[in-house]
Amino acid sequence: MNRLLPLFGFLLLVALFGFGIWWNTGHDQREVPSPLIGKNAPDFSLPYLDDPSRTLRKADLLGKPYLINVFASWCVACAEEHPVLMAEGRQLGIPVIGYDYKDDPADAKAWLAQHGNPYDRVIADREGRTAIDFGVYGAPESFLVDAKGVIRYKRIGPFTPELIEQELKPRIAELQREAR
Amino acid sequence: MARAMRTLLCALLFAVIGTAHAQAIDPLPFKDHAEEVRFQKLTAQLRCLVCQNENLADSNAELARDLRHEVFELMQQGKSDEEIKQYLVARYSKFVLYDPPLDRGTLLLWFGPALILVAGALAVGITVRRRSRAASAAKTAAEPGDDW
């Protein structure tokens, strides 16, 4: 029995490290959990990208669910996500708001002209001040907001067709059921 | 000559190490030295969300710069260090704090190592006691034979 003790100790360590590896491959370590899920989306008032004299406020969007997609022309992963949004965005059944993050408006407009515009509306946050309220720390990031203005889901990093099927669409369906 | 070279290399090396520890430079309008010290201390306790292994004070990431300005702004508004931290935690979760607060979610983080240490000490203690008992038993068993 006593002889086997070191072996048990070893196996215990193997189990511990194995758990560590499994745990870390299971989720992205760099993902910062959003404390805003389940809370009211921060108030915002941001100018339209194509017409800075008009602003979009949170209050304007109350009443039905919508998706905010944070993007920028300088963001590599956004270019990766873009075709997915082009293909799927219109079929989500809710407005998709483009949130142009810390970008030169001219660059953003050129980028959308070149790659296509999957958004119902595009707002611009050049300073990134409102983005701090949203807890944005990179792009792309997406927020699903319900009819009452509560953030229900956040995706950090690009959407893929699989993620839209498995994570986004069921949640949108849920929000639409609630609204009825 | 060789010695001079070596001295020079050493000096260069130290110069490099010195700059590696320098903080990211922001020309912020501090009103006095005390305020600057408070600012540096506070931003050193906050994590940069983009690089994640650097604090806000050292990071050159753009978001870190924005957040430094945010912290400075809040300081100007007369917010306490605790309020500023809460402000960031409300947006970025407790992950922004380098020093995790003691609560239910971090209990294991705080006391896990101590628990493992205690478990190890117990295991060693038990083994030693058992061995010495076995040894003394063996000694009494062997005594009649080699006592003489």
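Each position is counted from 1, following the chain as shown.
Just so it is clear, glycine is given a Cβ too, placed from its N, Cα and C backbone atoms.
Here is what TrEMBL says about this protein:
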DOMAIN    B:13-139  domain 'CcmH/CycL/Ccl2/NrfF N-terminal'
SIGNAL    B:1-22  signal peptide
TRANSMEM  B:107-128  transmembrane segment
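Beyond the ends of the transmembrane segment (B:107-128), by six or more residues, the same chain brings 100 to within a C-beta distance below 8 angstroms of the stretch.
Along the domain 'CcmH/CycL/Ccl2/NrfF N-terminal' (B:13-139), the predicted structure has mean pLDDT 86. Sorting each residue of the domain 'CcmH/CycL/Ccl2/NrfF N-terminal' (B:13-139) by its DSSP state yields 86 helix, 4 strand, 37 coil.
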